[in-house]
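Enquirer: Take this structure first; my questions come after.
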Amino acid sequence: MSESRIDFRKAEFLISAPDIAHLNEYLPGDVGVEIAFAGRSNAGKSSALNLLTEQKIARTSKTPGRTQLINVFKLDKHRRLVDLPGYGFAQVPLALKKKWQQALGEYLLKRECLSGVVVLMDIRHPLKDLDMQMIEWAVESDIPVLALLTKADKLGQSARMKMVNEVRKKLSNFDDAVKVEAFSSLKGIGKGKVLGILDQWCKPEWLQEQLTAESIEAQIESGK
């Protein structure tokens with residue numbers, strides 16, 4: 001069965017949870033496909049989600065670190081987007097930072113339905129230590145990564161492409177496991193490419209086979 005392109009504009013808020021234990025209380029098991037958005041607290045995750053879904057689905061704030069919870073958005077009954085707590089912001093109290101890091105680690109290590117991770121980084125300051133830790137963890141776990149260089153409108157086209165190429169070179173040892181794209185929530189730079197990658201991640205082979213089986217079963221039932 002050939003499935004049409006995923007419509008990310010249909011995303012709707014599902015739940016917020018302080019940690020993986022509470023997340024499991026609300027979700028119908030560790031099933032389906034989830035795509036996680038992770039990044040430093042000032043990387044622009046909420047703005048990116050709002051642009052990609054064409055709605056104000058995630059709260060934005062001028063105060064980095066506002067997203068303290070795991071926020072889950074439903075695309076359809078099989079697919080979800082997950083906005084993870086921001087990490088690494090210096091002004092966040094240490095105790096709160098440790099709590100966020102624990103929730104982040106629990107989700108990444110225990111969530112079996114994770115199909116891809118978008119790691120957002122300011123294009124002017126990419127590949128900080130925590131960004132690299134996130135990328136390395138995902139690759140080691142056979143989870144594809146999109147390194148998204150945000151705020152690309154802050155650089156001219158030449159400088160932007162130079163930075164993209166530099167980051168691609170630094171991540172080249174990961175081969176095809178990591179893709180790198182420039183992105184701007186303000187100007188819409190890279191939106192089409194990102195949606196294309198997310199669409200692929202939303203359609204793993206096992207889910208396509210399941211949807212085909214469900215379609216055939218529904219046709220049989222309707223013919224009775």
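Going from the start of the chain as shown, residues are counted 1 onward.
Heads up, the Cβ atoms here are built off N, Cα and C, so glycines get one too.
What Swiss-Prot lists as GTP binding site is 39-46, 65-69, 83-86, 150-153, 183-185. Taken from Swiss-Prot, the feature Mg(2+) binding site covers S46, T67, and the record attributes it to sequence analysis. Annotation comment: Swiss-Prot describes 31-204 as domain 'EngB-type G', evidence class sequence analysis.
Show me how these features fit into the shown structure, please.
Expert: DSSP assigns P85 (GTP binding site) to coil in the three-state reduction, placing it in neither a helix nor a strand.
S46 (Mg(2+) binding site) falls within a helical segment according to DSSP. Using a 10 Å Cβ-Cβ cutoff, S46 (Mg(2+) binding site) registers 21 neighbours.
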Enquirer: Quick check for the class: what is the C-alpha distance, in angstrom and rounded, between F183 (GTP binding site) and S46 (Mg(2+) binding site)?
Expert: 13
Enquirer: Quick one, of the binding-site residues K45, K151, which Cβ has the fewest other Cβ within 10 Å?
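Expert: Each of the binding-site residues K45, K151 was scored by Cβ atoms within 10 Å; lowest is K151.
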Enquirer: Determine, from DSSP, whether G39 (GTP binding site) sits in helix, strand or coil.
Expert: strand
